[in-house]
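Engineer: Okay, these came from TrEMBL:
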- 57-180: domain 'Thiamine phosphate synthase/TenI' (DOMAIN)
- 198-380: domain 'Thiamine phosphate synthase/TenI' (DOMAIN)
- Q224, L225, R226, V227, K228, N256, T295, K324: 4-amino-2-methyl-5-(diphosphooxymethyl)pyrimidine binding site (BINDING)
- D257, D276: Mg(2+) binding site (BINDING)
Amino acid sequence: MKLIAISHPEFILNEAERINALFRDGLLRLHLRKPGGDIADLNRLLGKIDPEFYPKIALHHHHELAAQYGLTRLHFPEKLRNDTPETMFQKLKNAGFQLSTSIHDIEQLSELSSAFDYTFLGPVFDSITKKGYQRIVNDDFCLKEDQKTIKVIAIGGINHSNIHKIKQMNFDGAAVLGAIWNSEASDFQFLKIHKLQFISNQTAGLSHLESIKLALTAGCRWIQLRVKNQPENEVLEIAIAAKELCDSYAARLIINDFPHVVKAVNAYGLHLGLNDMQISEAREIVGYNMIIGGTANTFEDVLLRINEGADYIGLGPFRFTTTKQNLSPILGLDGYRVLMQKLSEQKLSIPIIAIGGILPDDVAEILATGIHGVAMSSALIQSKETKETVQKLEEILC
Ligand SMILES: Cc1ncc(COP(=O)(O)OP(=O)(O)O)c(N)n1
Ligand SMILES: Cc1ncsc1CCOP(=O)(O)O
Ligand SMILES: [Mg+2]
């Protein structure tokens, strides 16, 4: 499911730094929405955002700034859409812009220009930021496929505890505002779990560090160092170099299997398997704020991981792979569907990362099950155009 962040409606303290941090935490799309905001203030804010993130920003107002910053995503709030001729939408689309808009009534869906890629529809819950702005649907609402002339993103009052309902309502994604900006420590922890994770591997022609460099230059910003069958002191040596490499790309480094190495190199996180140390025990080594992911193969494993306090779950294998030995039973798309359905019925939500033999062409279907993201190793290492592959994957995952 797409997860889109909407900026705070006003200019806030350290906003550019907070936006940069959200992108570094894995955000794939931000809508810059400052209703009534001054163009000079917006210009200043954009100037402080890392240019690496401009392709991920959609601009709501002062579209004239798009050219200056090379922004290619424009949002048309309702009034601006009504004031803009259809020929202009087609012209912008033909020029390569991605267009989005907002509606507040399902009936409007059929009237929208085909030039739009997606629309926000809401509020789906009572808004957190706009007090007294009542929701337009009930909990049992379900968007029909034939109503979706374009992708429909739910907006309004979405937070960590109700986001599972968005999928049940058959929306294509969720746009979040209040839950990000109005809480001290964001209750949107799962924004921190990247949707595209690279798993390092050593192959005939490539060392772990070379595989990591390949993924980083292609644009991956979540790297798992997964060294098997080597003693801890050798893993530590590789981890020190991997951390330096990841830092130079502002990427997150997760280390598989070795909590003491995580602690020693101050990595971003640790990944533990079902036969590894318990998450609670590992927390005593790596600290309580460290990201810890846990492997699961069944629904019972997922419940166990949630109870253990995992930050994300690596669920697999999706299909057979030679990257890992002693594979657990293969889940396939149906396995993911059944498991995600059970989670949704129990109103449980945790970022789930699919893993195992995943190819770029699998990702859209995997995502449609409600899975948060994917971890890949061989598909990226063996890709002939890794950068293009990563770009395409990010488009699908956003
Ligand atoms: C994201 C992710 N998911 C699952 C795994 C598998 O971890 P584990 O079960 O510990 O097996 P090994 O990777 O150690 O062989 C993973 N590494 N990453
Ligand atoms: C670590 C791991 N756990 C389950 S499958 C797997 C390997 C993932 O690599 P690939 O994407 O090459 O199958
Ligand atoms: Mg392991």
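In case you wondered, yes, glycine gets a Cβ from its N, Cα and C as well.
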Engineer: So how many other Cβ atoms are close to Q224 (4-amino-2-methyl-5-(diphosphooxymethyl)pyrimidine binding site), meaning within 10 Å of its Cβ?
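Structural biologist: A 10 Å sphere around the Cβ of Q224 (4-amino-2-methyl-5-(diphosphooxymethyl)pyrimidine binding site) contains 26 other Cβ atoms.
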Engineer: If I take the alpha carbons of D276 (Mg(2+) binding site) and K324 (4-amino-2-methyl-5-(diphosphooxymethyl)pyrimidine binding site), what is the distance between them in whole Å?
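Structural biologist: Here the two Cα atoms lie 15 Å apart.
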Engineer: Helix, strand or coil: which one is T295 (4-amino-2-methyl-5-(diphosphooxymethyl)pyrimidine binding site) in, per DSSP?
Structural biologist: strand
Engineer: Given the binding-site residues R226, K228, K324, which one has the fewest other C-beta atoms within 10 angstroms of its C-beta?
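Structural biologist: Checked R226, K228, K324; of these binding-site residues, fewest Cβ neighbours within 10 Å: K228.
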Engineer: Is Q224 (4-amino-2-methyl-5-(diphosphooxymethyl)pyrimidine binding site) helix, strand or coil when read with DSSP?
Structural biologist: strand
Engineer: Can you tell me the three-state DSSP label for D257 (Mg(2+) binding site)?
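Structural biologist: In three-state terms, D257 (Mg(2+) binding site) counts as coil.
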Engineer: What binding-site residues among N256, D257, T295, K324 have a C-beta sitting less than 6 Å from any atom of ligand 2?
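Structural biologist: K324, by Cβ distance under 6 Å.
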